[in-house]
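Here's the structure we're looking at; comments come further down.
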Amino acid sequence: MFSIRAFRSAIVSKPWAPIAATSVVAAAASSYYFSNMAISNDAKTATLKGDDQWVDLKLKSSKDLSHNTKALIFELPTPDSTLGLTTASALLTKYVTPKGSNVVRPYTPVSDPDSKGEFELVVKSYPEGKMSKHIHELKEGDTLSFKGPIIKYQWQPNLHKEITLIGAGTGITPLYQLISAINKNPEDKTKVNLFYGNATEGDILLKDEIDAIAKAKPQQFNVHYFLDKPSDNWKGENGFISEEFIKGNSPAADSDNVKVFVCGPPPFYKAISGAKVSPTDQGEVDGALKNLGFNKDQVFKF
Ligand SMILES: Cc1cc2nc3c(=O)[nH]c(=O)nc-3n(C[C@H](O)[C@H](O)[C@H](O)COP(=O)(O)OP(=O)(O)OC[C@H]3O[C@@H](n4cnc5c(N)ncnc54)[C@H](O)[C@@H]3O)c2cc1C
């Protein structure tokens, strides 16, 4: 589902706040996240059932999207199995180190929740990153343990007339889940504004897929890419996603039933929405969205 691009470097020096640095904390994080898990809609075919079971799944294939980001396809137990995720959800991965410590980290699948027999992750690797390095080093046929789903935001078609998605780097993964679900459902008329920031054009993840959706439904999907290191022939927006841009290109805070979804590295949250305190505490709205008058109910931080 990805075009193979020459991804050169990543904008985000620290996308997503790492939830755990040690195995002990990782285990705690696992049970913390587990409390947010929910039982899948389709229990018969679902591989991840919202229980406390780790399921070992084989890596089917992987390909480089850039020098530090890979798309990885994992095989589900049978060709008819589904993963068991609803939009928007994440899952937990686990491996056991040679010394016997558990390493646990969350990731956000980008494949269609209804797809059968396999699912896909996009993972950026960090030089000292325990899980991301481990995942990048997996060979075809190797297994990784999975548990979930972790429901992040239960999407309801047409609940909001118009939403704004603001993301950076690998923070696109949950935003892309929302875009895909809305696009797939012809009854869902929610209008979507996506503002997506990266360093260079090669760092933009899922661009072909997002562009195809926006091209097919230009009245519904309004997409703007931002680069802070643009090339001379870049035709999108330059610099960071600004308060002025958000103000001029998406519904104001006093619009009817407005919602803004944000995902990116900690400095990005700080600038756009204010920090997220923990998986269960969204924290106060700060940054650009606060200046634009948005309140806590109107902003969701993934
Ligand atoms: C709900 C949720 C969903 C997520 N979905 C995705 C996803 O779809 N794709 C994806 O790639 N990531 C995703 N992440 C981030 C992912 O869970 C890990 O935090 C990330 O892969 C780093 O884990 P690690 O074990 O490799 O690094 P760790 O072992 O936790 O960190 C070791 C060292 O690596 C470096 N490091 C770790 N994390 C970062 C970072 N973010 N930036 C810079 N340096 C870092 C630091 O030097 C750190 O000391 C998600 C996070 C959350 C909370």
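Any Cβ shown, glycine's included, is placed from N, Cα and C.
Per TrEMBL, the candidate among Thr78, Thr164, Thr173 that belongs to the FAD site alongside Arg105, Pro106, Tyr107, Val122, Lys124, Lys130, Met131, Ser132 is Thr173. Counting residues of the domain 'FAD-binding FR-type' (52-156) by DSSP class, helix then strand then coil, yields 8 helix, 49 strand, 48 coil. Pairwise Cα distances among Arg105, Pro106, Tyr107, Val122, Lys124, Lys130, Met131, Ser132, Thr173, the recorded FAD-binding residues, top out at 20 Å. Residues within less than 8 Å, Cβ to Cβ, of Thr173 (FAD binding site) and separated from it by at least 6 positions along the same chain comprise Tyr107, Thr108, Pro109, Val110, Val122, Leu205, Cys263.
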